[in-house]
Ligand SMILES: NC(=O)C1=CN([C@@H]2O[C@H](COP(=O)(O)OP(=O)(O)OC[C@H]3O[C@@H](n4cnc5c(N)ncnc54)[C@H](O)[C@@H]3O)[C@@H](O)[C@H]2O)C=CC1
Ligand SMILES: O=C([O-])CC(=O)C(=O)O
């Protein structure tokens with residue numbers, strides 16, 4: 001059985017994400033959990049003629065939804081409105097995430113946990129601390145989903161230089177998932193940065209760092225990115241399933257992870273910056289994180305971006321972790 005659970009499945013991200021996951025033959029059971037409308041969404045999706053069996057689980061049915069899950073994807077919680085930062089969501093979403101992590105610890109302690117709910121920089125440490133409290137934390141299995149930053153980068157780069165194919169050009173984005181903590185390493189794209197003026201580089205970098213705000217503003221109070229996030233979340237989840245279920249090798253996605261997932265590769269970076277979590281390119285294996293690729297060589301411009309990211313990231317991590325440890 002390969003059971004995938006979507007928590008927050010009736011929401012703006014949850015519904016299209018569940019639809020995309022329903023396309024996969026690697027999934028045998030697709031469980032949709034939400035505090036509202038999950039049975040309706042499940043009934044609808046269950047008519048699609050692919051292999052997985054779809055079940056819907058309402059408010060009082062979290063344990064059954066999570067029972068024996070292989071992978072749990074979490075887009076549960078509130079999204080931003082114009083004028084808010086992702087950190088403004090902490091007050092409501094921290095408790096939601098902690099409750100779901102308790103459910104994971106109790107019902108599927110060995111599951112891969114993919115955290116979409118914001119603020120990702122803090123919600124991932126919350127999940128980790130709850131799992132630690134229960135003695136079931138495996139840093140190789142908990143992922144913050146920063147894939148949308150990579151997806152956006154590929155697209156935005158192709159808009160600046162139309163000879164770049166957005167589908168095949170992967171941009172490495174490191175750091176975290178909010179504002180200045182999102183650090184695109186554009187210098188790694190062959191022959192790209194050299195052709196840009198300083199103004200173009202500034203504008204592109206800003207657009208990648210604040211791509212979420214662009215959508216929040218355009219939706220004008222009706223929420224944040226949902227369709228592009230569902231695409232990005234499905235891409236991440238399905239790639240992880242290819243590695244863990246189909247045992248394909250050499251698969252890489254960027255993710256915001258606990259650096260202890262690959263101590264050998266990250267120990268000196270962690271010691272130097274005092275950070276427990278950071279988004280880096282991650283190679284997947286059967287058990288989740290196989291290898292965290294080291295921070296690539298960066299330009300002087302990118303070093304300035306990194307220097308701005310570190311303190312904010314550190315504060316976000318501490319806030320998330322202490323929500324659990326000092327509760
Ligand atoms: N990581 C990323 O790149 C991105 C993250 N997000 C974040 O994803 C989250 C969800 O966004 P949307 O789907 O647009 O919001 P939404 O409000 O449309 O959907 C959220 C769903 O979560 C459900 N929910 C609330 N409390 C729950 C609980 N305790 N258990 C289970 N379900 C619960 C709600 O009923 C709702 O259906 C937000 O925090 C948003 O900021 C959004 C876009 C990108
Ligand atoms: O901006 C937001 O609040 C949602 C998000 O994380 C994104 O679109 O990157």
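Cβ atoms here come from the backbone N, Cα and C positions, even for glycine.
Cross-referencing 34, 63, 68, 202 with the NAD(+) binding residues that TrEMBL gives (8, 9, 10, 11, 12, 13, 14, 93, 116, 117, 118, 229) picks out 34.
For ligand 1, the neighbouring binding-site residues among 8, 10, 152 are 8, 10, by Cβ distance under 6 Å.
Largest Cα to Cα distance within the recorded NAD(+) binders 8, 9, 10, 11, 12, 13, 14, 34, 93, 116, 117, 118, 229: about 18 Å as a whole number. Checking the binding-site residues 10, 12, 80, 86, 117, 118 against ligand 2 with a 6 Å cutoff on the Cβ atom leaves 80, 86, 118, in sequence order. The predicted model assigns the domain 'Lactate/malate dehydrogenase N-terminal' (2-144) a mean pLDDT of 98.
The binding-site residues under consideration are 117, 118. Their Cβ neighbour counts within 10 Å are lowest for 118. Candidate binding-site residues: 8, 10, 14, 93, 229. Nearest to residue 118 (substrate binding site) by Cα distance: 93. Between the CA atoms of residue 229 (NAD(+) binding site) and residue 80 (substrate binding site) there is a gap of 14 Å, rounded to the nearest whole number.
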